[in-house]
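Reading through the structure tokens given below for one structure.
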Amino acid sequence: MAALFLKRLTLQTVKSENSCVRCFGKHIVQKTAPAQSSPIASALRLSFLIHAEAFSTTEDTQNEGKKKKKSQTAFSNVGRKISQRIIHLFDEKGNDMGNMHRADVIRLMDERELRLVQRNASTEPAEYQLMTGLQILQERQRLREMKKASPKTGPTLTKELTFSSNIGQHDLDTKIKQIQQWIKKERQVRITIKKGKNVDVSENKVEEIFHQILQTMPGIATFLSRPQAVQGGKALMCVLRPLSKNEEKARGETQKTQKRDTLNQDHGNDKESNVLHQ
């Protein structure tokens, strides 16, 4: 019995030793593996860093280009940051002072307490002008007003509407509201009115519908093309457009003049009436 117990104890001890050897071997492999693969890992890290640096440099260059473009187009004081050695200078009154060295320009700025603004960067040398702070502010306001007054670029959208001359008044009012919304959104509206079937409708009657529509939008719309026969005389078509800013302004001034003339005429009639009563 004792011999059997000793035999089992011996076998268990051998298994434990083998297990320890295997664990120690794995530990050694794990310790030595990074050292062997370190050149590859270093190469991968270096490649990644180079790629990241190149991407960052490209992005920074693009951002710098955008900033430069924005600074060149903005009307602002350049200050002492004059990139060219020689520039073509104009004084605050617009007089041509010819080509000057940037050191002389900076000296003039200090003496006269003026700012420096770039006028044209495409010339050689670039053109600059001395200006006061008030002049810069006024020029910015002028440029903003010009931008607002300039017509919007891009194709003009045209909406189309077709209905019959037999349309009822309620349906016509609904169509007119839709046209008014389009006109207010600066859209052109092509209106086609078809002559009703089995009904003898003259062109004058259809034209009256066009004018009825236009009369609901005084001061905001007019004819781009007047009513004309289409589809072999089976329909009439016109195009309405919104009034331009200048047309709206002229119409407003005309209305003021007519109102003033009417008031003056009424005032004159009142004077004549008082004289007759006396």
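The chain as shown is numbered from 1 upward.
Every residue, even glycine, has its Cβ placed from backbone N, Cα and C.
Predicted, not measured: the structure shown is a model, and the values here were computed from it.
These come from TrEMBL:
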| type | residues | note |
| --- | --- | --- |
| DOMAIN | 78-145 | domain 'Translation initiation factor 3 N-terminal' |
| DOMAIN | 158-242 | domain 'Translation initiation factor 3 C-terminal' |
| REGION | 247-278 | region 'Disordered' |
For the domain 'Translation initiation factor 3 C-terminal' (158-242), what does DSSP give as the number of helix, strand and coil residues?
32 helix, 32 strand, 21 coil
Restricting attention to the domain 'Translation initiation factor 3 N-terminal' (78-145), give the mean pLDDT.
87
